[in-house]
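Novice: Grabbed the feature section from TrEMBL, which reads as follows:
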REGION    1-51  region 'Disordered'
COMPBIAS  32-51  compositional bias 'Low complexity'
DOMAIN    69-529  domain 'Amidase'
ACT_SITE  Lys122  active site, charge relay system
ACT_SITE  Ser197  active site, charge relay system
ACT_SITE  Ser221  active site, acyl-ester intermediate
Amino acid sequence: MLSTLHHPPRRLSRFFPANNKPRHFHTKPVLSSSQPVTDQSPSSTSPPESQILSIRHSLLSREVTATQLAETYLSRLKLAEPQLKSFIHVSNNVLKEAQSIDDKIKRNENVGPLAGVLVGVKDNICTVDMPSTAGSRVLENYRPPFDATAVKKVKEFDGIVVGKTNLDEFGMGSTTESSSFQVTANPWDISRVPGGSSGGSAAAVSARQCVVSLGSDTGGSVRQPASFCGVVGLKPTYGRVSRYGLIAYASSLDVIGCFGSSVADTGILLSAISGHDRLDATSSKQVRVLQISVSQEVPDFTSQLISAALLESKPLKGLKVGVIRETLENGVDSGVKSTVLGAVSHLEELGCTLSEVSLPSFSLGLPAYYILASSESSSNLSRYDGVRYGNQAAAEDLNALYGDSRAKGFGSEVKMRILMGTYALSAGYYDAYYKRAQQVRTLIQKSFKTALDENDILISPAAPSAAYKIGEKKNDPLAMYSGDIMTVNVNLAGLPALVLPCGFVEGGPIGLPVGLQMIGAAFDEGKLLKVGHIFEQTLQGCRFVPPLIADGIPQ
């Protein structure tokens, strides 16, 4: 069954040096994801269960109350916070909202699919009853008068927003170190970064401080922290989820994404927040069905997820998978490469047909992304002038008010990107930088289309390394930016991508997780979730529960 590990396909053989064989994985029948949550020993290799489905089963069978569940999560959140610092603000209404759900169940009323589910929300997504700071002093204590559409939908489905998670200021960063309030730690090793900019959302799910969480992804800000923290992260197609209420960084790239401890939970959350929104002109009515874009309601992304007990011996037979050559060459840590190749071989065991795919414009994506993102941010952040938005500094004239408010409100990373973007948009450099970057973006879109016309999904690492030490790259922005090489192209093309943990490399107390990135065609999230669900259920020998939880959180 594992012979493919020793004899990889000819077209991929150059990635398998004789002295660096990929890790072996084994498949076997596992429990249905719809079974109730049970505590497992740290040595267990059972696949991740759907916590959302388990919570629903427990509530409707009256085994537990929403209040009891909320108290459990809040207790874990408070115990972990001194070490992790995942949250900027924790809601005071959690138990009140949980009691409201319990009252509905007692009255035999219908409850939504997210009933009793605690949801963390990245602090650049607006919430009416909590501060929304985007991790910046310029918006400190700002309370929006409305909920973002994604948050509104979570509440409509009876989800409970537990609090606002930490992030790099305005989403500008890859470590969560540029937050103006605190530095979040990685639950696998608190001396390491959780990734960014949605590091707080990823760490909170990894440490089971909440069930699922919302993040935002401009150039990999959901997928890279998902890889670093050993959780599932999904970046939807641009337009799948309304951006209304998402504090803008780069409007043509920003999307709201999902974190969960399993693919099923991530798919359920995506189903809840997706759909056209009249308040967002970029939200789409289109979904992809048999290669044709049609206008219809949002599909149930979990309807095609198959229980492991029902899987055939080759459940992914006929699926064409392209491994992106440029993502497994120089610049990728050997441990990450070996782990990802082991995952690739596992996909072949499941029946996939593998081939090597080259995207010649792939390396151009990183400089193009930073020109475009910085240019858009310089425009979007001009509103924070102390008059229209943002905290106001005392000044004697208008220009001084603008300058002082921004100088005191913005951090160094934000200032640097504003300057970069303003320079790229200036009269003498617009054609040389911004226009050229847009042309590169078109090349990237075309290369992805060609590759996805020939393959069902594309595969790459989610990041070139596992989580690195806090402070290790803070003073070397170019090294930090290069860590986004695996993810930025997907945003430039507007495509969906799923990251799920596939193994470990050395580091930390028990090892550091590595994420596998699966990229699909536009509005093809259902296929990514189906493949990811089968992959995680059949992946044995790995349990992605950080030591902070497995060993118990110290008081």
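Using the three backbone atoms N, Cα and C, a Cβ is placed for every residue, glycine included.
Mind running through what each feature is packed against?
Specialist: Cβ neighbours of Lys122 (active site, charge relay system) (same chain, under 8 Å, six or more residues apart in sequence): Lys164, Thr165, Leu167, Ser198, Gly200, Ser201, Ser213, Leu214, Gly215, Ser216.
Neighbour list (Ser197 (active site, charge relay system), Cβ cut-off 8 Å, at least 6 residues apart, same chain): Gly135, Leu167, Asp168, Gly171, Met172, Gly173, Ser174, Thr176, Ser216, Thr218, Ser221, Pro225.
Within 10 Å of the Cβ of Ser221 (active site, acyl-ester intermediate) there are 37 other Cβ atoms, across all protein chains.
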Novice: Averaging the per-residue pLDDT over the domain 'Amidase' (69-529), what integer do you get?
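Specialist: Summing pLDDT over the domain 'Amidase' (69-529) and dividing by its length gives 94.
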